[in-house]
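So the structure is just underneath, and the comments pick up after that.
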Amino acid sequence: MFSIATSSSSQLFNFQNSPKSFIPVMSAASGFKTLTENFTVKVRKAENRELNVPLLSPFTIASSRLDSVGNVAIRIELSGGCVGWGEAPILPSVTAEDQLTAMVKSREACELLKELPEMKLGHVLEEIGGILPGHRFASVRAGVEMAMIDAAAKSVGVPLWKLFGGASNTITTDITIPIVSPAEASYLAAKYREEGFKTLKLKVGKNLRADIEVLQAIREIHPTCSFILDANEGYNTEEAVEVLQKLHEMKVTPVLFEQPVHRDNWEGLRHVTRVAKDRFGVSVAADESCRDLTDLKKIIKDDVVDVVNIKLAKSGVLEALEVIELARSSGIGLMIGGMVETRLAMGFSGHLAAGIGCFRFIDLDTPLLLASDPVQGGYKALGAVYEFTDEGGHGGYLH
């Protein structure tokens with residue numbers, strides 16, 4: 001028997017589970033922890049496959065260009081018959097793994113899982129962390145963890161958004177305009193305005209003058225939108241300050257300036273944060289500079305930025321939860337994003353964001369940039385709003 005009380009209701013849900021486990025009523029905040037400590041699993045099947053999907057158009061950022069998605073899907077079936085799905089996203093120059101490496105390492109993890117005896121979910125997740133350690137295999141680790149957690153949540157009939165806290169069953173995302181010409185940016189801004197997107201995330205950092213021209217073009221088409229600027233490490237310190245000054249002269253104030261300088265330029269990042277906040281009232285976020293707990297501790301110690309961007313592919317699911325907890329307790333604002341992912345990985349992240357409910361900025365839009373959707377089931381997207389159901393796990397799967 002598995003019981004959970006959600007924060008949004010006093011209703012008690014009871015679920016038939018492995019007869020070897022009994023989990024008492026728990027608060028929503030402790031739901032995931034209780035599941036890992038008490039729910040027993042045995043993996044019957046585990047497999048991986050390439051997940052290749054074309055993009056509507058090339059996805060260009062300051063550090064790379066992607067013409068199609070080449071990720072890895074992971075499928076795990078438990079002895080009780082429930083199946084979980086995960087995804088290891090691959091983004092050149094951002095994730096440490098390429099698709100070939102991700103296929104090899106996820107296959108190794110799948111073989112390990114099939115050999116493990118029946119044990120607590122938390123111990124299985126520890127085994128996954130052991131075979132896929134550190135940043136080198138973080139994306140693959142995230143994909144395997146997603147599939148394992150999804151299968152366990154399905155086994156007890158609890159949707160992930162409730163398991164992670166139950167704060168809400170919806171989120172509202174921004175949408176990204178990659179590095180394109182002013183004309184293309186105008187077209188996309190008009191399209192997204194009609195679709196109801198209120199926040200546009202603009203990729204910048206390759207050419208300062210071109211970036212300003214694109215911003216001007218978007219502003220003319222969608223004058224009421226909020227802007228997030230994402231330089232993906234593309235500017236030097238002086239250029240990052242200059243772009244804020246130019247925008248100030250245009251009477252444009254971004255709601256966020258993400259990763260303006262190189263990941264290792266800590267002093268430059270700290271300087272941009274101080275100038276942005278004191279002179280222009282703009283928050284600065286660390287993305288590439290915050291891969292894991294070690295990076296976050298440095299950010300907190302040296303007061304480097306106001307916000308950190310959580311991406312499961314940077315640190316895996318378990319460490320991401322630790323990063324979130326430490327950031328919240330330290331007064332650091334939270335953003336959640338992803339690589340270029342299908343609705344498998346993005347659905348998992350969306351459930352987590354909805355359930356925890358503490359994210360100031362939500363950037364979970366990349367399935368909207370794909371030419372086709374290979375995922376069945378899962379959340380419903382109504383423009384910028386994603387709605388999550390009461391189906392167990394994240395609900396998404398591949399044929």
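Glycine residues also receive a Cβ, built from the backbone N, Cα and C atoms like all the rest.
Residues or ranges marked as domain 'Mandelate racemase/muconate lactonizing enzyme C-terminal' by TrEMBL: 182-276. According to TrEMBL, the active site, proton acceptor annotation covers K203, K311. Residues or ranges marked as Mg(2+) binding site by TrEMBL: D230, E258, D287.
Where TrEMBL records a feature, it is marked here on the structure.
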| residue | record | CB count, 10 Å |
| --- | --- | --- |
| K203 | active site, proton acceptor | 24 |
| D230 | Mg(2+) binding site | 27 |
| E258 | Mg(2+) binding site | 27 |
| D287 | Mg(2+) binding site | 24 |
| K311 | active site, proton acceptor | 29 |
>> Considering every residue in the domain 'Mandelate racemase/muconate lactonizing enzyme C-terminal' (182-276), what is the mean pLDDT value?
In response: 96
>> From the DSSP assignment alone, can you count helix, strand and coil residues within the domain 'Mandelate racemase/muconate lactonizing enzyme C-terminal' (182-276)?
In response: 51 helix, 13 strand, 31 coil
>> What does the structure give for the C-alpha distance between D230 (Mg(2+) binding site) and K203 (active site, proton acceptor)? Integer Å is fine.
In response: 5
> Using the Cβ centroid of D230, E258, D287 as the reference point for the Mg(2+) site, which residues of the same chain not in that list have Cβ within 8 Å?
Replying inline: K201, I228, L229, A231, N232, L256, F257, Q259, A285, E288, N309, G337
> For D287 (Mg(2+) binding site) and K311 (active site, proton acceptor), what Cα-Cα distance in Å is obtained after rounding to a whole number?
Replying inline: 8
> Distance between E258 (Mg(2+) binding site) and K311 (active site, proton acceptor) at the Cα atoms, whole Å?
Replying inline: 13
> Rounded to a whole number, how many Å is the Cα of K203 (active site, proton acceptor) away from the Cα of K311 (active site, proton acceptor)?
Replying inline: 17
